[in-house]
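S.K.: Sharing the record's features from TrEMBL:
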DOMAIN    298-569  domain 'ABC transmembrane type-1'
DOMAIN    637-864  domain 'ABC transporter'
DOMAIN    963-1249  domain 'ABC transmembrane type-1'
DOMAIN    1285-1561  domain 'ABC transporter'
REGION    867-907  region 'Disordered'
TRANSMEM  41-67  transmembrane segment
TRANSMEM  87-108  transmembrane segment
TRANSMEM  120-140  transmembrane segment
TRANSMEM  152-172  transmembrane segment
TRANSMEM  192-213  transmembrane segment
TRANSMEM  324-347  transmembrane segment
TRANSMEM  413-439  transmembrane segment
TRANSMEM  505-530  transmembrane segment
TRANSMEM  542-558  transmembrane segment
TRANSMEM  961-983  transmembrane segment
TRANSMEM  1003-1029  transmembrane segment
TRANSMEM  1083-1101  transmembrane segment
């Protein structure tokens, strides 16, 4: 009960009694401080403003906020026009109005009775004003907003709480026995006021209830969702957002079934999207370039209460009321809950910051990559830039998580130190001196970590770069059997990467141990000094329960900020290094947008000589692929910008193109010819602005389109590849598809033009890819077309079709300006102009007849190699200048197409009905042919990560190491708990000895015991960290990476045909990075926090055994919440991991076609938007995953608060029998229980989610591989000795479920026989070569089935059974699948299916259709196994006609070739492949269109070399140029996968119905070729 003085202190005073209150205030507070904490709080409130502080202050702030909000809505928002929710709006307004009326009545009562109640009257007036303003605000909120007002919601809560406190105070006053009438002018006034407040709080509570009702099903919010993209968060009220209840339905859905991307699109606010953050951050970046947590209150008062209560019982004095203890316990729970809410909001804000920063960084990296200069492109490989996206940009997440604590951690430490100083006094300063020892060490280690982090990321870049290169050229790697040398290179990079990571984690482990044990060291020093001289006048300090366990509680508060310091240091260094790498990339040189002056077609000038419009002008142009270097003789102030130099002589850079003067007329067809390496492709690149312009000017009039020599194909349907974002025009599309010769191809594709094309066009032939590329360029309807030798990839008859229908003088583009780089000379007499390049200069330029009459180099080339010139009767009746009569814009009309002659191209003579069949009605969704998918959606497992995945990781880490780690964790936790029990023993022993008048033990005894336990704990903790990080983590990471790499290199080509490279790269970058860095940390946290929880429960149970009753329900609640959470969390984590693969895939496709992208108008913006869309999908999934964690945090910490409250309440209920020291120990542990359990469950969840990375790597590890690399099958030494090749009823398909591409082929090639292989596109020519190398296996053979993904979990016996069943069915006439399956290939009498792949492939040689170069030296590209001497390499280069060029390079054989060989021409790359074949002295050589990319003169030299160098070898030659195989011993003619003809060419040419004769006739060489039988 309150005394009179306490009643006065509450503020129920009139004027005469206020003086009495002030005179007794100090004495009252001193009395209350020792008895009732509630009275202290009330007294403090009344001294500091009374009700004016409690009620008037919030009301004043609310009024200002309401008015500001109203003004903001009127200024910055528009009415939503969705109406208002009347059943919420009017009741809210009504009850607010009732509340205002009650307050007015209360104010009138106070005035009439002249009762002030210490500021209550002005408070009520302010509240009336606030709620009156709230009525207006509510009106505006319903007009402008679709959710509850945050300001109004918050004031509702504040009003209810402060009104409840007011009622509570008045209730205490009225319950006081000392209340009398002389202190009030009217005895009933207090009761009347009490009733007013009770009525008011009821009215406001009802209004709040209505205002807080969910609105997701209201008409307003339904209309809002229908009319705009709006997230659930933006529709939720304040409580739903801070408790993350708006995410509940997603969590519930995830608990029922696996989540999908469509379940998350309502989660993320619009302001989280990529474009928003990119604009914000890029603006800051451009400006920069242009200019150059809440601490918990320790259970101090509760320990004092328990101690006072126990002391009162012991001394038989009336103890303080237990309600005080329960109130204190409740306040502890309340403030813990406030802390939880604040921390969750802080965490989510930090995660939002990290997600936003990452999205903006990825957007900036993509945009920058699209603008890199040629020199910068050579410096940055696909792997390097992918690593920036997958690893460095991810550091933003860590920055969002760990950078804000840089501000809060010092504040928490200062707060804790202040509390310790008030409790212990100056000895805490002695304890803090330990920091002076740590700071220099930390600075040194931080510097070391910075260096090691840079080294680690550099080697990671190297590994990812190698992986990207191998994966993008995996077919070549398999054909050459180069898996081993590339594996060795990757292993070397990985080893260096792991060395750097090991050094990092050792230092990080040491830092984390230093800081995690720092509080114990500080406590050791502090207690030592305090026990010796911490009392008054330097006397020994009393080691009481309050001192010891409150100190321990405060030291525990310091654990979190101190533990974060090591993480902050490590993460800050990692973020700093990554941001530095990104910054370095963003500052790289960009392509000069002013190098080419672009104008519209309407601005074309007239040629002064002919008065014809000009489409392209180059004036004295000098260009280079290398950045210009200023000679050292120039003074610094004489240096000029690269692209504005007056003349190339000022530069040390060797120009590639020199003094180019060129005028191209509008609508003309210009051919660019010359030998390989003379600058033909470079000239096109100079026109596109892709080279350094050292001197001169380039002007282009109109839009450009570019067709590269190696076709750029994206993973999309055929139609999407052609349209490339342009609107679909059916008539235009049909004309272009016909002109590009794609009609026959679309007829045989499974879904016509809706058939999906694999990554890099993997499921198309070289000719098909090039025709798609041509069709795309034509569909762009550009003004200037740049063709870089597109006809070299197609057969002769297709060449004729494309020339006549698309490119040539009568083609679809006849009125467009066309520049055609070509190695063929058969079309030159039909072009308008010819440019002959030699040594980077225009050697000859003019019309065909002018150059022939000049009798110079061009004349010699034509007379020596032109078949048509020797046979004038074979010339086509085409007008050489048929396109020059028209200069205006051309529409691709039907009449143009009808005029096209298709002589000799019957295969492509498709009437309109056939074209209609392919594309008719396909603009209507319902009429579209069903799309045949090649690339399926990435596989995701369902539900929680299985125990099998964890076992895989633990096995990789070694069960022995894991057991030792667990053992040390348990012992370390016992040591840690023992330190606190030792302190309790210290205190109890000292008290007992003092009470029994025994001689006290020396302080050194206690300090020695305490210090020994502290150092034991530190040693064990260091050991645990080392074992977890190094012995377990790094070992597991190494094993998992080795398994992944081994299996990926051994996967069949069918896997790579159907799997985008980005998915595989994602495993080697993001997933391996998580396994390297994050998973060991979470495993360590799992062990540590589990031990902490068990130890804490043991301590609490020991001190308050009744607590054990609460453990089962609490544990059950935790398990239910965790299980409920993990189901959705696992789905979200998998979705987040999967979402990155499309980003990497899109990025790699964009980099591969950057030249085309830069050239085609608007394409870069379109692809940038697509990149942003993919990045937005990543944001949505990561944001949902973050919300999922916050949802868990709120609920777990609520359970943690319940744990603390139960422990505290049990301690209060047993206050009379409990030892205060045990209670203090229990509460010091239970106060951290919330943190421990929260971190433990999050560690379990995060560990499960990180195990998704292990699961994803194991997905590839478990896939079926190719046949073994080696077998024990007997074979002759030196096989093959002769080179006899026999196909016996051989059939093959690319993978199970597809049609056969080679059907029942039987033929025999004799030793040293030269066989030419011809056939139309898609006939199976290249498939035949793949079969020889066993890239594809014989249909239904054991290894064809065993390497198929559908047999992934089958045993060998199962596969044999399937094979036998198919063989039994093969005789059935109704089983077309098996009729032509099986067969074999024999080389020198040995069935190659019985051999190991290494044994086979190393003894065959091939020059592939697409010449492939790897980043590295010329020597590495020729001889990766280092089996040959330099002399042998030079001889091979000489025979390949490349020695002179390589010798001119800096370093010769050690010259560094860039990725894909971009610093060599395509023709030169083909010669490198020829040199490889020369070095590999095998008896069987396959030439797969090996000379398609070289000029006719070089082709002739190569053919002579082949005939000379490989005269004793069996050669199979696939060629587009029929002339190159006319001297073959035999010609194999394929059609639709079957052998049509196989005889000497002389016999075939003698047959009137011969398919080979038709092809030779179309090539125009039949009459000239002398055939010798």
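Even glycines carry a Cβ here, placed using N, Cα and C.
Since this is a predicted model, take the numbers as computed values, not measurements.
Could you place the listed features in the three-dimensional structure?
M.R.: Mean pLDDT across the domain 'ABC transporter' (637-864) comes to 83 in this model.
The list of residues near the transmembrane segment (87-108) in space but at least 6 beyond its ends in sequence, with Cβ under 8 angstroms from a Cβ of it, reads 121, 124-125, 127-128, 131-132, 134-135, 138-139, 142, 193, 196-197, 199-200, 203-204, 206-207, 210-211, 213, 215, 218.
Same-chain residues lying 6 or more positions outside the transmembrane segment (120-140) and placing a CB less than 8 Å from one of its CB atoms are 11, 50-52, 54-56, 59-60, 62-63, 66-67, 69-70, 73-74, 89, 92-93, 96-97, 99-100, 103-104, 106-107, 110-111, 149, 151-152, 155, 159, 193.
Among residues of the same chain six or more beyond the transmembrane segment (192-213), those with a C-beta under 8 A of the stretch's C-beta atoms are 88, 91-92, 94-96, 98-99, 102-103, 105-106, 109-110, 113, 115, 117, 120, 148, 152-153, 156-157, 159-160, 163-164, 166-167, 170-171, 174, 237, 239.
Listed as Cβ neighbours of the transmembrane segment (413-439) (distance under 8 Å, sequence separation of 6 or more from its ends, same chain) are residues 295, 298, 514-515, 518, 521-527, 529-530, 533-534, 541, 547, 550-551, 554-555, 557-558, 561-562.
Beyond the transmembrane segment (505-530), the same-chain residues lying 6 or more positions past its ends with a Cβ under 8 Å from any Cβ of the stretch are 420, 424-425, 427-428, 430-435, 438, 441-442, 445, 448-449, 452, 541, 543, 547-548, 551-552, 555-556, 558-559, 562-563, 565-567, 569-570, 976, 979, 983, 1003, 1007, 1010-1011, 1014, 1017-1018, 1021-1022, 1025-1026, 1029-1030, 1033-1034, 1080.
With a cut-off of 8 Å between Cβ atoms, the residues of this chain six or more beyond the transmembrane segment (1003-1029) that come close are 505-506, 508-510, 512-513, 516-517, 520-521, 523-524, 527-528, 531-532, 540, 961, 964-965, 968-969, 971-972, 975-976, 978-979, 982-983, 986, 989, 1080-1081, 1083-1084, 1087-1088.
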